[in-house]
Structures are given as C-alpha cells and as structure tokens.
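K.L.:
Handing you this structure, nothing more for now.
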Amino acid sequence: MTIALGKFTKDESDLFDIMDDWLRRDRFVFVGWSGLLLFPCAYFALGGWFTGTTFVTSWYTHGLASSYLEGCNFLTAAVSTPANSLAHSLLLLWGPEAQGDFTRWCQLGGLWTFVALHGAFGLIGFMLRQFELARSVQLRPYNAIAFSAPIAVFVSVFLIYPLGQSGWFFAPSFGVAAIFRFILFFQGFHNWTLNPFHMMGVAGVLGAALLCAIHGATVENTLFEDGDGANTFRAFNPTQAEETYSMVTANRFWSQIFGVAFSNKRWLHFFMLFVPVTGLWMSALGVVGLALNLRAYDFVSQEIRAAEDPEFETFYTKNILLNEGIRAWMAAQDQPHENLIFPEEVLPRGNAL
C-alpha cells in the first residue's frame with residue numbers, strides 16, 4: 001500500500017481565504033470578521049442618534065421637544081421611544097406603520113428601534129472583535145468576557161425590560177435627561193434601590209472603582225526607579241525583562257495596613273476583573289426580573305404599623321410614600337393616552353403632613 005505525503009493545497013482563488021487574508025491583515029486599525037458586524041452597526045447607531053438628537057421631535061410620541069432644532073441642549077436632547085400604542089413593533093421604515101415615508105418613520109419613533117438594535121449588535125461586534133484579536137495574538141479571552149457585562153446591562157435595560165412591559169415606550173430614550181427620568185421611573189414603579197440585584201451592581205461598580213484606585217496608587221508607590229533623571233524609568237520600555245514594580249513591597253505594605261493582602265498578581269487581577277463584571281451581570285439579571293414585574297424587598301409589617309400609628313415612621317416607609325408620589329405624578333404625565341386623573345385625596349401624604 002502506497003501512502004503519499006504532501007501538503008494539501010487549496011484553490012488559490014478560494015473566496016473565503018481571500019476575504020480572511022484581507023480582513024485579518026496586520027494594519028493600523030484591525031478589521032477582522034467581527035468588523036463586518038461592528039463597523040456598519042456602530043456607524044448606523046451613532047448616525048441615527050446624531051440625526052435624532054439634531055432634527056427629530058418627540059411631540060408625536062411623548063408630547064416633548066427633544067432635538068437641538070427645537071431648543072434642547074446636549075443634556076436634554078434625546079432619541080425618544082415609540083408611542084405606547086405601537087407596542088413591540090420593530091418599526092421598519094418599509095413596514096405598515098411608516099410605509100416608506102422617512103418623515104413619518106421619524107415621527108413614530110422609528111429611530112429609537114433603529115439605534116437600539118444596531119447599538120446592541122454593534123456592542124456584540126466589539127466584544128467579538130476583542131475575542132478575535134485575542135485569538136490572533138494568542139491571548140486569553142478575558143477582555144471579551146469582561147465586556148460581556150456592559151452588553152448584558154444594555155440588552156437587559158433597553159431590550160428585555162420593554163419586551164416584558166407593554167411596549168418599547170417603557171424603555172429609556174437615548175439621552176442624558178431621558179435616562180435620568182427612566183431611573184426615577186424605575187425607583188417609583190419598581191423600588192429599584194431596594195432590589196438586592198441593584199445592591200450587588202452598586203457594590204460591583206463602586207468596589208471596582210475602589211480597587212482601581214488602590215491598585216493604581218500601589219503600583220505608582222512601588223515602581224522600580226532606574227536613576228535620578230525625570231524620564232529614566234525603564235518601565236516605559238515595552239521590551240523590558242524585569243518587573244515594573246515591587247509586588248513584595250506592596251504585599252508588605254497592605255499586610256501592615258489591613259492585616260491581609262494579595263500574595264500574587266494572578267489572584268489580584270482576577271479579583272479586579274471579577275468584582276465589576278459580576279456586579280454588572282447581577283444588575284442585568286435584576287432588570288430581567290423587573291421586566292417580569294418581580295418585586296424587591298417588601299417590609300409590609302412596617303407599612304401596616306406606619307398606617308396605624310401616626311408616630312411611627314421609618315426611612316423605608318418614607319421611601320414607599322415617595323415611590324407612590326412618583327407613580328402618581330409620573331403616570332399621568334408619561335401616559336396621557338390613559339387619561340389618568342388622581343384626585344388630591346389619593347395623592348400620598350406622610351405622617352408629618
């Protein structure tokens with residue numbers, strides 16, 4: 001039996017190989033296969049947002065001015081969500097709502113679904129870009145894993161939450177003041193600050209900020225100096241063989257401060273990765289729960305006692321009254337189509353009034 005050994009040669013004109021060679025070529029800005037998703041989606045999402053905040057009104061969906069053309073500034077302009085009556089329609093330009101009319105499409109809130117969907121796929125493309133480039137240079141994929149956390153938050157807040165409610169109307173509009181209003185809405189209708197998933201998210205974000213500050217300061221404090229000159233730190237040389245800072249000195253310092261300290265760099269940096277990523281993932285899970293109208297902590301016994309005893313009130317019961325006030329004022333403003341009217345006697349009043 002004869003066995004022929006040799007290199008298997010593919011057709012040189014193979015389209016996949018040609019594209020792969022061009023897309024993954026070493027250039028100033030890496031493109032890659034992920035770039036086919038990232039660059040068009042990011043371009044359309046940003047372009048839609050700039051177009052909406054510059055020219056498009058929210059009069060037909062929210063009864064608001066929301067563009068620079070109407071007198072808004074950077075903090076008050078927004079690309080607003082579609083009207084509640086449009087439910088979960090994708091609002092395609094060629095769909096039954098706009099019927100190819102670009103002006104009508106903008107008036108109906110079509111730019112919001114356009115920006116939200118292209119933005120979500122653009123973020124996913126950016127995560128895939130990190131994964132693809134890491135494989136190309138033989139790195140671990142932890143950058144991509146870390147970036148999955150803000151993607152989870154974006155998808156849960158802008159897509160999953162309104163999908164669980166009656167329509168895109170209840171998602172945040174794309175603007176600074178608009179998102180502040182959405183946060184107030186979350187507090188009033190879901191008591192979000194008392195939700196344990198929100199607490200984990202806050203602990204993750206603030207804990208990560210603390211870890212970054214401590215880590216940066218510690219590294220600066222323990223840099224190996226390489227002479228007396230102002231610019232003679234060999235740490236600026238990317239090919240240095242020696243360490244940049246003294247882990248041993250840092251370990252001794254924090255051992256004296258706290259009594260405990262990280263003993264190796266792997267555990268230290270994994271912890272710095274773990275804290276914010278886990279916090280953001282937990283908050284994303286919490287928002288998915290809110291999409292299903294799951295409730296946070298309820299201390300009903302305190303509410304009952306506060307209702308019966310005029311002299312008893314806690315910070316919790318005061319916050320519950322605040323939430324009722326937010327709901328009473330916000331519902332009538334945000335949902336004028338519901339014709340909600342709250343007489344004076346049903347508006348919340350604290351025991352102090």
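Cβ atoms are placed via backbone N, Cα and C, with glycine included.
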K.L.:
Do you know which of 41-61, 251-271, 314-334 Swiss-Prot annotates as transmembrane segment?
P.N.:
41-61
K.L.:
Per Swiss-Prot, which of 75-91, 279-295 is transmembrane segment?
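P.N.:
In Swiss-Prot, residues 279-295 carry the label transmembrane segment.
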K.L.:
Sorry to bug you, but what's the C-alpha spacing from Phe262 (plastoquinone binding site) to Gln130 (pheophytin a binding site), rounded to the closest Å?
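P.N.:
Gln130 (pheophytin a binding site) to Phe262 (plastoquinone binding site), Cα-Cα distance: 28 Å.
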K.L.:
Do any residues, 6 or more residues outside the transmembrane segment (153-166), come within under 8 Å Cβ-to-Cβ of it, and if so which ones?
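P.N.:
Contacts of the transmembrane segment (153-166) (Cβ under 8 Å, skipping residues fewer than 6 from its ends): 81, 84, 87-88, 116, 119-120, 123, 172, 280, 283-285, 287-288, 290-293.
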K.L.:
In sequence order, what residues of the same chain, 6+ apart, have a Cβ less than 8 Å from the Cβ of His118 (chlorophyll a ChlzD2 binding site)?
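P.N.:
Those within reach of His118 (chlorophyll a ChlzD2 binding site), by Cβ under 8 Å and sequence separation of 6 or more, are Cys41, Ala42, Phe44, Ala45, Gly48.
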K.L.:
Measuring CA to CA, name the entry from the binding-site residues Asn143, His198, His269 that ends up nearest His215 (plastoquinone binding site).
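P.N.:
Looking at Cα distances from His215 (plastoquinone binding site), the smallest one goes to His269.
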K.L.:
What whole-number Å value do you get for the CA-CA distance of Asn143 (pheophytin a binding site) and Phe262 (plastoquinone binding site)?
P.N.:
22
K.L.:
Which sequence-distant residues neighbour the transmembrane segment (208-228)? Criterion: at least 6 residues beyond either end, Cβ under 8 Å.
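P.N.:
Distant Cβ neighbours of the transmembrane segment (208-228) are 234-235, 242-247, 249-250, 253-254, 268, 271-272, 275-276, 279.
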